[in-house]
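Here the structure is laid out as structure tokens; the discussion comes afterwards.
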Amino acid sequence: MVRESVVTVRGKDGIEVADTPSHGFTPSIKWNGRSRPGSLDYCCITFFWSCALTQLICGIVLASTTNYTHPVVTDPSQLCPSNYNFALADCVSEGAASLHPSLFACVDAGLCDSIRACYQGAATPSTMNGSRILEAPDAGVAADLWEALADYWYIPTTIFPSMVLVAVLWLLASEYVPRALIWSTLATSIVFLVALWAFWNFEYGFNNWMLLVIAGLATVSSAILYKSINRAAEVLSVAACGLRSTPSVVLASLLLKGIFVAYVLLWTFFMVRSAQAKELDESNCSLRSSPGIGFARFLFGLLFWIFTYVFLNMKTVVCAAGIGAWYFPGGDGEPTIPAFRGLQWAFTTSSGAVMFAATIVGVTRFILNRIGNACHCLPWFLTPLGCLWKCLTCCCMSILEAFSKFMIIGQVFAGGSFCGAGRKSFRLIKNRLGDAFITDGVGHTVVTTATYLFSFSLGVASWLWLDAAQEYQTLAELNTFLLIPVLLLFAAFISTPIFTIVVVTWLSPLLHGWTCGEGGCDSSSQANAQRAINSVTGALFVGSVCFAFFHFLADVVLCSIDTVFFCFAIEADTRSYQHRLEGPVYSKFKESLDLSASFSDGPAASHCQSTPCTSCEDSHVVSPGSTPVQSGSDIPSPADQALFGYTAAVPAHTGGQ
């Protein structure tokens, strides 16, 4: 890498800088005097707000054109809501023939008149009599999910505080025992793949040998990349330390998560309302969705994929600003709460980079999912081809997501256009691509495994607890042939938490009405079915809430890991050093970087601690002999290309010594 040789200088907060590398990043975030975004940035910013407004306007139009709903039997005298008519009874003349099943619905007055006009003149008597449809159903009301959680209040009030406690303990473990955490996670993942192969092979006869191949490759790769994985563990430790020191990052990310939840709820509402807008097919007098509704659903589905990554990238901006300011403090014009400045950038000057990266990643995942669904019908863990496709798509998406995150982090640090920031970020990490992907991949594996493991365990615990509280076993009574598929299906549902929570909330009263009716459960079979529904829906609700919480925390941790890696790379290329980080950061890399002389004895070790120190004026930066600066090579050796190009400060020799 081409460097501009400069004299070692002391920056703010004890940061010593020896070199200014060609990529232009300095050990600080550029808070003031940031370059204006480029023309492509403004195009992407316009595209971002246009997509947001398009979804809002289309959703309002869909909601305002609702003219159709399904009948719900809640009252013997009323099948439909007020201002709606039951099509079979109220909108079809007595002599109508060949009634279409789609007419078993509630429609508004305008659509009812259209149906009546379409059937006008039909001579054959109807085979369906509206009066028979209006017969009163079984009456009764049973305790639903929410009443069950209220009756057994000690279950959610124990599970949710336990969720927070587990998260705190996991963050502490990430900081203090990261290697044990990472290696146990990798071992658990390999054992899970082998167990999954054994179960489907011996119980169902599906010999998906690709699972064993992946487990073997994961084992061999872990052995070969032992040092890099340990280094990734140290990066995880520093990221957890940074999060503990900057709670504002979590608060700003939590606010962003709330905005995302509101977006998902509004999106779900619009999609549900789109199913309640019908038009009349005059060829057979049936009801159908208009082509415009189909296009709107496709557009909403595509934009949902994109905006999922938009909010994830916004979280990257927040973490980059907060963790970057923690690692490189004292920048010119640094705000009081850097994470909230990052939140402001995410919706303004950085929204172009956010939208560009989200569009590329979101559209790619959308296409890959469509191809995967078209190529194989069985789940990926049941067929070798599906398993291989899953590995290829995961690898492709991991590389794409890693590049997009580093581009966004670079744009946060330097400002300007995202194209320029992307080029500078690539020059920064091009000699560290292997370690960058390993760090991001290991971090992603750890946080994803923890998210599934913790949320799944708490969800199953709530399921068993609800069974015990209602004295009716649903999960424990299942045999092995059904237990594993049911648990896998349960894990699949809670992995889409917002969708599952909305569906459970919407279906809960309907399920209870269909099970027992209005008057209550009047038989033991109905009561047992009601208890089973309460247990399943309660477990899905608790598991989904836990998954949403841990997934939010995992995103914050992963973004912090990438930001810390970015900061390490800047320190390596600028050969900068911060005395305040000797204890919380540099000491963690003593073993992997052979810094034995830097943290043992001497004035630097005794005076330069984890806070900024101005008394160590005679400390200076020393580069290791194998770095490109001293070796004369532009390409560092594999041992040094990971993250760093410096050793800790050592006391300079004074006169007379």
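Don't overthink the numbers, they just go from 1 along the chain as shown.
A Cβ is built for glycine as well, from the same backbone N, Cα and C atoms used for every other residue.
Caution: TrEMBL annotation is automatic and unverified by curators.
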Worksheet entry | Matching range for TrEMBL feature annotation, transmembrane segment, among 237-258, 347-368 | 347-368
Discussion item. Any contact between the transmembrane segment (298-327) and the transmembrane segment (153-173)? By contact I mean 3+ C-beta pairs closer than 8 Å, pairs at least 6 apart along the chain.
Written reply: no
Worksheet item: Mind checking which residues reach the transmembrane segment (206-226)? Cβ under 8 Å, same chain, six or more beyond either end.
Response: 186, 189-190, 193-194, 196-197, 200, 381-384, 387-388, 391, 438
Worksheet item: Is the transmembrane segment (442-466) packed against any residues at least 6 beyond its ends, judged by a Cβ distance under 8 Å, and which are they?
Response: 148, 152, 155-156, 159, 162-163, 166-167, 170, 174, 181-182, 185-186, 188-189, 229, 232-233, 235-236, 239, 398, 474-476, 487, 490-491, 494-495, 534-536, 538-540, 542-544, 546-547, 549-551, 553-555, 557-558, 561-562
Item to complete: Could you pull out which residues elsewhere in the chain have a CB under 8 Å from any CB of the transmembrane segment (180-200), counting only those six or more residues past its ends?
Response: 170, 173-174, 206-209, 211-212, 214-215, 218-219, 222, 229, 232-233, 236, 381-382, 442, 445-446, 449-450, 453, 484
Worksheet item: Does the transmembrane segment (40-63) reach the transmembrane segment (380-400), going by 3 or more CB pairs under 8 Å (6 or more apart in sequence)?
Response: no
Practice prompt. Take the transmembrane segment (153-173) and find every residue of the same chain, 6 or more past its ends, with a Cβ under 8 Å from one of its Cβ atoms.
Written response: 180-181, 240, 243-244, 450, 454, 458, 461-462, 465-466, 469, 538, 542, 545-546, 549-550, 553, 557
